[in-house]
Amino acid sequence: MAQHMPFVPKDWKPLAALMVFAALLPRMLPNDYFLVLFNIMALNALVVLGLNFLIGCAGQISLGHAAFYGLGAYTSAIVTTTLGWPLWAGLTAGLAVAALVGLVLAVPTLRLEGHYLVMATLGFNIIVSICLNQMEELTGGPSGFPGIPSLHVGPLAIDTDRAFYGFIWAVFFGVFALFLNLEDSRVGRALRAIHEKELTARTLGVPTHAYKVGVFVLSAVLAAFAGFCYAHYVTFISPKTFDIFYSVQVVTMVVVGGMGNLWGGLVGTALLTSLPELLHHFEDLHVLIYGLVLMGSLVFFPHGLAPAVAAAAKTAFRRGTPPDTGGKAPRPGNYISHPARQAGRPRPPRADSTPSAPLDALTVQHLCVRFGGLQALQDVSFRVRPGQIVALIGPNGAGKTTLLNAISGLVPPHQGRILAGDRDITGLPAHRVARWGIGRSFQTVQMFSHLSVLDNLLLGFHRCGRAGFLTALCHTPAERREERALREGARMALQGTPLEEKAHVPAAALSLYEQKVLEILRALALEPKLLLLDEPVGGLNPNESARLMDWIGAHRKAGMAMVLVEHDMNVVMEYADHVVVLQHGQVIAQGSPRKIQKDPKVIAAYLGTGRRKGSEETWREEAPGSGRDNHQEDSETS
């Protein structure tokens, strides 16, 4: 079957239909002028394809792709015309220059947050434009670069509009198929996760910086390839073609068609490539018209034209179709209650009554974290044994979430050590910490809301895969086998949970309880030796809290250790084996739940020194969260 062949995407039928239409189109055109228009459209579509993946999937905006387009064109023109080398040498040189420059540009800027890439690429485009105009001996300057040889593939000359039409559209459809493969792969899923919640993606083992650099370089190389084709098609190039306005044009094509929608990029390219021809009487107003089209698209079609048309068609189809009642309804009952409780047996014993393991699951030694002049954590030390649940408690702003962030690699400590077993993970980036077997949940549930339940869970299995950009693009047999195995594992993980019948439902449509189940399932997919839980029952009712904690607690039977941040003292007293109390970033007490319950320092921290003689029950009732409210820590600890 076609979808099981290398290079052929799963969604191959619409692409095949479009290829048939493109093959028949020249017969329907009145003259060759329209062939030129469609040839330029294909060149633009190649640039937009890579840029759309960069913006829509990886969430990185570039205003410098006109420069990469120009680098491919001018490098090949100089190599083939000035130096007299063959076309393949010009192509290789153009792609190599674009890849190298893209790498040098992306590596430092993509480490920074915010819109640094936009500013860097904008400046880069301006610099390239100035160089193309000023270096007249090499580039021809404003007068242009003439005499570029036409394309040929072996003995086949591509020196007419009709021949170039067949060549460039065949190339485009081939590249488009590769990008469809990339979109529907482990790499594409990770890039969409980076776009939506980069920090969360890191904690799932995704090397976010490497992926962002990879997709930027890939899009730069594709723009350079389009520039190579353009130069050898028109045989004359000038700097004006590659100025900042072209960068704005291709970004507008992405936005109008639909960011992150590869078909939408093609729609936006077709519309905005044709627009200048429709408005050739208003040449001085092109920039204004492009701006109005962009603003109108953002206001009326915020997700782009293609998604809007698809949604309208889907709605129209549903109106004429009876509702589907053949699906299996979710089973009622206690989906994730503890298996021992289902059998009427008591829960497994606390870790205190089991023999000590030779190595601690986690050891924190004299940890210090500062944010400028604020000392968030100071000399924090504790340890967690395999199968043990250690609770971190303390008033709001005590530094509990900061401690979890330091352990999981999101915040670099200034002093101290963090050991996972016998491995020193101090200061490691979050994706490497996750690969050492540390999973976590967050204070506010971190869902990739635009992805399905199954895709969210598959991100937890990301570290189990090996497919990279090249194998994902080519849709190799090994990549297909790996993807099938990951999906089978994710489906098995959903069995027996409230999400079993909701694998293809968007995560945003789930209830809070279901989202918490999914977030913890996703963390468990890492097969962690240590699980960090930040207020897992916050916002849940007592019944939901009990069911969730019973399920979580069951995993220590297999030796999984847990660090639990929780304001609900009933949960702490019932499930924790050991309690560490933080106040103002320092450990003020630690020990068993009963010992902590009677500790004067802890009572003072929660109730104040004037009420230190209060009973244990008063402390449990009046401690923050004992009524199962969802308290949030101060922003500086997040």
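Backbone N, Cα and C atoms are what each Cβ position is placed from, and that goes for glycine too.
Note that the structure is predicted; figures quoted are calculated from it, not measured.
Features of the protein shown, as given by TrEMBL:
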- 613-638: compositional bias 'Basic and acidic residues' (COMPBIAS)
- 362-609: domain 'ABC transporter' (DOMAIN)
- 319-356: region 'Disordered' (REGION)
- 607-638: region 'Disordered' (REGION)
- 35-55: transmembrane segment (TRANSMEM)
- 67-85: transmembrane segment (TRANSMEM)
- 91-110: transmembrane segment (TRANSMEM)
- 117-135: transmembrane segment (TRANSMEM)
- 163-182: transmembrane segment (TRANSMEM)
- 213-233: transmembrane segment (TRANSMEM)
- 253-275: transmembrane segment (TRANSMEM)
- 287-305: transmembrane segment (TRANSMEM)
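Remark: the transmembrane segment (35-55) contacts the transmembrane segment (253-275), by the rule of 3 or more CB pairs under 8 A.
When each of the listed stretches 67-85, 91-110, 163-182, 213-233 is scored by C-beta pairs under 8 angstroms to the transmembrane segment (253-275), 163-182 comes out highest. Between the transmembrane segment (91-110) and the transmembrane segment (163-182) there are fewer than 3 Cβ pairs closer than 8 Å, counting only pairs 6 or more residues apart in sequence, which means the two stretches are not in contact. The recorded stretches the transmembrane segment (163-182) and the transmembrane segment (117-135) do not share 3+ CB pairs below 8 A when only pairs 6 or more apart in sequence are counted, and are therefore not in contact. At the 8 Å Cβ cutoff, the transmembrane segment (67-85) and the transmembrane segment (213-233) share at least 3 close pairs (sequence separation 6 or more) and count as touching. Same-chain residues lying 6 or more positions outside the transmembrane segment (287-305) and placing a CB less than 8 Å from one of its CB atoms are 245, 248-249, 252, 255-259, 261, 264, 267-268, 271-272, 275, 279. Taken together, the residues in the domain 'ABC transporter' (362-609) have a mean pLDDT of 92 on the 0 to 100 scale.
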